[in-house]
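Asker: This is the structure I want to talk about, given as structure tokens.
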């Protein structure tokens, strides 16, 4: 008995030691990653210091105030040099990241790219434009971490296709930006590089998962950024930070090697890739910037490097058109009622469009609860959440994701029992418990194929409803204003406004049209949402006190009609500025 007890005690001690060593290894890797990041920022600061004498502060302010199209024109004509512009933005980016923690890494190779474009005879469409890129978009010689420990040792061997095309068009990638751990969150935080703050209000988050991009651009430290979107990851940060952002039809820019350095790291990207694809897209301060970026990317170089991208160049005629549009609209999707200011934005934009000669038609998107709980979430957790949980093996789990990870670890039977027993506390879990219990494995290949078929059927029904109303585009709300830090983890289901168009794979963009007013704040006090339940009250808390924060709307077109979507976004943008 004594021997058995001694053996048991020894085993427990060994297990404790093994766990302790594991934690020490993880902590060491985190410290090394942070040290590398900090050393890169010091190099960036040193380069900026050396360039300061050549660029007067008055000129720096003038450069930072230029819209992208005007800046591009000055670079093309030679009245501004790419070197001056690059170092101006490097200095501003350093200032913004000190306030918001938005940069994951400086790209020192930007100096080599600068020298390369200065040698070239041909100037690309993005000649001399500094560009920031999201953490997981592969750049040669750099990590693509997704905020996960297991990728801190994996350096990219080559540039992703989108980075190659950006460089070919004369752009200068200069920084990689922070993301939520695993990218499956709109709370921009991970245990390695920390939390990113909203530059417009440090008590609030910038959204996610392209939160670092949004914070950097909104703070003035970048003029053009590349993000990705699988549930709203471009559009939510754009809404929270007052930017314009476009989620294209996924395959319009995407293809083999497009930039997801670790497909499995986008927690479930492999499961979703066929049913609900991830899209790469631009983020900027105005719609013309998005259009210039799309025009630059949709070039022969892109089509040759990735033959899976359809060779469809940017249609300037559609983007430049001024013909009246037939616009469907709704201010609520019937699943998750948004704050009063977001619905006001849709109503005011609808009235402005109508006054400008466009035809407005009420539109009601069908069965959004079904889309959220059956089509999107069941696709994501088709394996019962195993792939999602596996991503966190050997990782410290960020507080913003602990509920989701712990929920997925529960056996199916336990989930069902909890759904019945703890219904009054449903708002504390990942999803409403009645939905939480439904999300389960596709228990056979046939069931998975049936599920994919259900998505196709829904898309066909949606398009048929759209076509019956003879719509060109749709105007609808987007989640906002920016949440107080810590609230996105409590409100995953609130993103139905953006997730819908990932399931449909329609191009969708966000345009800021207003700001939160005192009147909005007063109306929020009376807000009861759907049924004044804990979810509605949590949303109310998340957005309260946001006077002055940006308020946006969402613009949508049918698949492959990015130019029409952008044209509609520009119309909305113009009308909002005229008000």
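Placement of Cβ uses the backbone N, Cα and C atoms for every residue, glycine included.
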Asker: Kindly point out the range from 23-50, 51-78 that TrEMBL annotates with coiled coil.
Answerer: 23-50
Asker: Take the C-alpha atoms of residue 233 (active site, acyl-ester intermediate) and residue 209 (active site, charge relay system) and report the distance between them in angstrom, rounded.
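Answerer: On Cα coordinates alone, these residues lie 5 Å apart.
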Asker: By a simple count, how many Cβ atoms lie within 10 Å of the Cβ of residue 233 (active site, acyl-ester intermediate), its own Cβ left out?
Answerer: 34
Asker: Select one residue from 134, 209: among these active-site residues, choose the one with the most other Cβ atoms within 10 Å of its Cβ.
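Answerer: For the active-site residues 134, 209, the Cβ with the most other Cβ atoms within 10 Å is 209.
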Asker: Determine, to the nearest whole angstrom, how far the Cα atom of residue 134 (active site, charge relay system) is from the Cα atom of residue 209 (active site, charge relay system).
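Answerer: Residue 134 (active site, charge relay system) and residue 209 (active site, charge relay system) have their Cα atoms 9 Å apart.
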